[in-house]
Amino acid sequence: MFAFYFLTACISLKGVFGVSPSYNGLGLTPQMGWDNWNTFACDVSEQLLLDTADRISDLGLKDMGYKYIILDDCWSSGRDSDGFLVADEQKFPNGMGHVADHLHNNSFLFGMYSSAGEYTCAGYPGSLGREEEDAQFFANNRVDYLKYDNCYNKGQFGTPEISYHRYKAMSDALNKTGRPIFYSLCNWGQDLTFYWGSGIANSWRMSGDVTAEFTRPDSRCPCDGDEYDCKYAGFHCSIMNILNKAAPMGQNAGVGGWNDLDNLEVGVGNLTDDEEKAHFSMWAMVKSPLIIGANVNNLKASSYSIYSQASVIAINQDSNGIPATRVWRYYVSDTDEYGQGEIQMWSGPLDNGDQVVALLNGGSVSRPMNTTLEEIFFDSNLGSKKLTSTWDIYDLWANRVDNSTASAILGRNKTATGILYNATEQSYKDGLSKNDTRLFGQKIGSLSPNAILNTTVPAHGIAFYRLRPSS
């Protein structure tokens, strides 16, 4: 039995034009980097951060855009007599300024963590009521990014206004320091953050914490479906759970302020290769931050080749900043072991007049899927040039780095990294304008008016395309 959903949304001006003034000039594209929490949790140290940064650089990932090295919870040992935070000397013997300087000297950016509560989620000192002292601590230690959590908030939530003012206090304090600091809210979407986040922050989490499961329900993540206004966000939320919650929120994100679907689980847990590809593709397409959650010293070749797929990253870093829209959604009868099964089609405009299209199979069997120009350009009027033109179809995964080459790179063969796109030398925007083939995938055909785009999509997998006006 099928159930059908078709999206007809009132799009904000931000969604139409892809323009949102960044409140602090940062976050013009979604942030990319690495965060320790998903793999290491509280097992953090100076050595972990610096070794990870060196490895990310050696793997060519820094020059693909993964430049933020984000230290999560558990770094503090308390406060000094003046009320300033103190780093744990056992974990960070040279202090946070040393970490920042090492990262900056190697062209990385340094991120740290606190919580808009009395304590952090792991029970360390929080920043509620201490915003100015703590913002100055971060600025003094040359921090470039703050992840700001939501634990132990003393009940200061329940309406958008209450949460807004609690998070605005740190926003104001960061700005007062005079240091540009990317401000990443982690309040789990509580109190409709997507409505007010862009006025005070550069990104905002929109759900409970992700887990390395594609569809598995979990009682600790009680809301599902399209419950974007979840009263108890929880954690251990599956990839499809978070994606469906994010579906209506794209109209409230754009340049300078992004919906954050949480860190990437590629290379974490036991996701299949098709699930990892779908996960990475959809996070890229909806313009979520691309934050590696894996241990980069222990990546398998297939996961590395996903993180380094320039044609997919280029979708995420597209300068117009418009998240893709879910155009349709069907439930299907071939459910998986958890009773989950659905298929979806997503579409979104790109800066150079191209269009990104995804056919997502959340069912348990491989299946034929299709779409048309009328669905792809669902907002266009009949007779629109988009509907009467022929479009070339590029498979965004067709030129993926093979496992042999990925293994060579992981084995520290620096020559092998020469095939990778280098966004430090040439931005994604410039590479697209110069038709760098690494950013387009492989042309597999064309789609003419009244024709149908047909493909076969594996279970828990994706077909991911860039459409370009036919040459």
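Glycine too: its Cβ is placed from the backbone N, Cα and C atoms.
Here the structure is a predicted model, which means the values were calculated and not measured.
What Swiss-Prot says about this protein:
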type     : residues                             : note
ACT_SITE : Asp149                               : active site, nucleophile
ACT_SITE : Asp209                               : active site, proton donor
BINDING  : Asp72, Asp73, Lys147, Arg205, Gln251 : substrate binding site
DISULFID : Cys42-Cys74                          : disulfide bond
DISULFID : Cys121-Cys151                        : disulfide bond
DISULFID : Cys221-Cys237                        : disulfide bond
DISULFID : Cys223-Cys230                        : disulfide bond
CARBOHYD : Asn105                               : N-linked glycosylation site
CARBOHYD : Asn175                               : N-linked glycosylation site
CARBOHYD : Asn270                               : N-linked glycosylation site
CARBOHYD : Asn370                               : N-linked glycosylation site
CARBOHYD : Asn403                               : N-linked glycosylation site
CARBOHYD : Asn413                               : N-linked glycosylation site
CARBOHYD : Asn422                               : N-linked glycosylation site
CARBOHYD : Asn435                               : N-linked glycosylation site
CARBOHYD : Asn454                               : N-linked glycosylation site
SIGNAL   : 1-18                                 : signal peptide
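This view paints the features noted in Swiss-Prot onto the structure.
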residue: Cys121; record: disulfide bond; DSSP (3 states): coil
residue: Lys147; record: substrate binding site; DSSP (3 states): strand
residue: Asn175; record: N-linked glycosylation site; DSSP (3 states): helix
residue: Arg205; record: substrate binding site; DSSP (3 states): strand
residue: Cys230; record: disulfide bond; DSSP (3 states): coil
residue: Asn403; record: N-linked glycosylation site; DSSP (3 states): helix
residue: Asn435; record: N-linked glycosylation site; DSSP (3 states): coil
residue: Asn454; record: N-linked glycosylation site; DSSP (3 states): strand
Subject >> Cβ neighbour count (within 10 Å, all chains shown) around the residue listed as 'active site, proton donor' >> reply: 20
Subject >> Candidates Cys42, Asp209, Cys221, Cys237 (recorded positions) with Cα within 10 Å of Asp73 (substrate binding site) >> reply: Cys42
Subject >> Per DSSP, three-state class assigned to Asn105 (N-linked glycosylation site) >> reply: helix
Subject >> For the disulfide-bonded residues Cys42, Cys221, Cys237, the one whose C-beta sees the most other C-beta atoms within 10 angstroms >> reply: Cys237
Original post:
Hey, of the recorded positions listed (Asp73, Asp149), which one tops the CB count within 10 A?
Top reply: Asp149
Subject >> Using Cα positions only, nearest of the recorded positions to Asn105 (N-linked glycosylation site) (Lys147, Asp149, Arg205, Asp209, Gln251) >> reply: Lys147
Original post:
substrate site residues Asp72, Asp73, Lys147, Arg205, Gln251: biggest Cα-Cα distance, Å?
Top reply: 31
Original post:
If you measure Cys223 (disulfide bond) to the residue listed as 'active site, nucleophile' at Cα, how many Å is it?
Top reply: 20
